[in-house]
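To start, the structure under review is shown below, and the notes come after it.
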Amino acid sequence: MSLTEKAISGAKWTTTSTFVVIIVQFLQLSILARVLGPTAIGLMGMIMIVLGFAHAFLDMGISNAIIHKQDTTKKELSSLYWFNLFAGILIFVTIITITPLIVTFFQEPQLQSLIYWASLIFLITPFGQQFQALAQKNLKFDTLSKIEMGSIITGSIFTVSCAFFGFGVLSIVWGQLITAVFRTLNLVILGWNKWRPSFHFAKRDLNDYLKFGLYQVGDRTVNFFNSNFDYMIIGKFLGPEALGYYTLAYNIIILPISKLNPIITRVAFPVFAKIQSDTIKLKTGYLKVINLLSLVNFPIFFGIGVTASMFVPLFFGDGWAPTIILIQILAGVGLLRSVSNPIGSLLYAKGRADLGFKWNLFKTISLVPGLILGQYLGNIYGVAIAMLVLQIIFSSLLYVIIIRKLLGNCFKEYFRSIIPSLWISVVMASILILINNTIKIESLGWLIFTVVLGGFIYISLLMIFERKIVTNLKNLFIKRGRDQKFST
């Protein structure tokens, strides 16, 4: 099977897995929101801040270094494997040690036992990390997708069951642990059938990987604050209930980015790494990725903004009404991030994690005063508006600071790659708003009708005015046997 065919097959399997995961996680979120309420969801948001920060250090960027480096030896892999296990133990001990400080920061005593439980994940995950990286490097996305689906479904069933039995926030924590155990066991079984680490460890084996990975750790750490400083501000100054509303809104918005984008970016990174020295192919591939992601994400985020007032009461209950406006504001953030997000695949493929670190450091320095000001002026809504304004600025600067530096001057091509999906999504949303303002019906049937109508309008306009894009997509995903240059 050629590189093209492997990548397309990987994208198809990842797509199947993604849609299953989105449905399962949305149903889980809907049930937990009704059963547990805003305060419990807010407490989980605080826990996720801790876990998210620790995850930035878990493998020290080694997984991406393994994918990037094309001549890894078995001795190096063994040393890296044991290093991952040691890092997991160190992170676990560190979290246990600093938990009292975290509890003091948020002024929430309930967090202590919850964080102790949640930190166990760092003793589980490292056993399977390297096997996942190797499978990803070899484009084994079919197997990885099956493991992901099984893990999420198993964890979600356990989480919801515990919630109904009255275990509160612990239901979510335990569910994440079960998910991690299922995923890790399957990754270990997958990996050990191909290769098993020996009892070999040499510090020199780590040098090249840590040099590549350390910038990623810095990048991830800074990026963590980019992604979570809003949670920290709301949790510290406004409390768990306000954070619960914001967490629900943010999770709804981030779901398409975190699940749909990897369909392409997980495949793009190892493929980009293989063609990293060919700038022309790399530029063509990156622009196609942006085009494809905008085609998928733009109508979704416009649709979420239009239908938020309908689906929030239906799926989460009337008690979550404050999230409606938050969702509508954050939909703009999600839309812009959906086409900024793939920059990581390009940076890592080119071995420029240093540039990513500097970019995220700049964003963090800008975010801190902006979000504090937003919270001061308008509580959770002020934070959401500040996020949107800052994201507009960041998206505008991304091309100038990074894309042009790596791929050369390609502003016209970059702009052309997103404009078709943008204008068609605007037209679609405008028609839906007009219809819903004229016919005010609140029911599941009307919500489904609105979504289907929006999809029909979007696809119809795409086929009428952007026929070339539709043809290219057909060639990419259907005509697999044709010999074509791969660039996504």
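Every residue gets a Cβ built from N, Cα and C, even glycine.
The annotation transmembrane segment is assigned in TrEMBL to 12-33 (among others).
Marked as transmembrane segment by TrEMBL: 39-58 (among others).
The transmembrane segment annotation in TrEMBL covers 79-102 (among others).
Among the features that TrEMBL reports, transmembrane segment is placed at 114-135 (among others). Sequence-remote contacts of a segment are chain residues at least 6 beyond its ends whose Cβ falls under 8 Å from one of its Cβ atoms, and for the transmembrane segment (114-135) they are 43, 47, 50-51, 54, 58-59, 62-64, 66-67, 77, 80-81, 84-85, 87-89, 91-92, 95-96, 99, 102-103, 141, 143-144, 169-170, 173-174, 176-177, 180-181, 183-188, 190-192, 194-195, 197.
Feature annotation from TrEMBL assigns transmembrane segment to 147-167 (among others).
Residues 252-253, 256-257, 260-261, 264-265, 268, 320-321, 323-324, 327-328, 331-332, 334-335, 338-339, 341-342, 345, 414, 417-418, 420-422, 424-426, 428-429, 432-433, 436, 442-444, 446-447, 450-451, 454-455, 458, 462, 469, 473, 488 of the same chain sit 6 or more residues outside the transmembrane segment (289-314) yet have a Cβ under 8 Å from a Cβ within it. The transmembrane segment annotation in TrEMBL covers 289-314 (among others).
Sequence-remote contacts of a segment are chain residues at least 6 beyond its ends whose Cβ falls under 8 Å from one of its Cβ atoms, and for the transmembrane segment (320-339) they are 33, 38, 245-246, 248-250, 252-254, 256-257, 260-261, 290, 293-294, 297-298, 301-302, 304-305, 308-309, 312-313, 380-381, 384-385, 387-388, 391-392, 394-395, 418. Residues annotated as transmembrane segment in TrEMBL: 320-339 (among others).
Positions annotated as transmembrane segment by TrEMBL: 360-377 (among others).
What TrEMBL records for 383-402 (among others) is transmembrane segment.
Here TrEMBL flags 414-434 (among others) as transmembrane segment.
Sequence annotations record features per position, and here TrEMBL assigns transmembrane segment to 446-465 (among others).
Outside the transmembrane segment (446-465) by six or more residues, the chain places 295, 299, 303, 306-307, 310-311, 314, 420-421, 424-425, 427-429, 431-432, 435-436 with a CB less than 8 A from a CB of the stretch. Cβ atoms under 8 Å from those of the transmembrane segment (147-167) belong to residues 16-17, 20-21, 24-25, 27-28, 31-32, 35-36, 174-176, 178-180, 182-183, 186-187, 190 of the same chain, restricted to positions at least 6 beyond its ends.
Nonlocal intrachain contacts for the transmembrane segment (383-402), taken as residues 6+ away from its ends with a CB within less than 8 angstroms of a stretch CB, comprise 230, 233-234, 246, 249, 325-326, 329-330, 332-333, 336-337, 339-340, 343, 347, 355-356, 359, 362-363, 366-367, 370-371, 373-375, 411, 414. Within its own chain, the transmembrane segment (39-58) has Cβ neighbours under 8 Å at 32-33, 84, 87-88, 91, 94-95, 102, 106, 108, 110-111, 114-115, 118-119, 121-122, 125-126, 129, 168-169, 172-173, 217, 220-221, 223-224, 227-228, 231-232, 235, 239-248, counting only residues six or more beyond its boundaries. Sequence-distant contacts of the transmembrane segment (12-33), counting only residues of its own chain at least 6 positions beyond either end whose CB sits under 8 Å from a CB of the stretch, comprise 40-41, 141-142, 144-146, 148-149, 152-153, 156, 159-160, 163, 171-172, 248, 251-252, 255-256, 259-260, 262-263, 266-267, 315-317, 320, 477.
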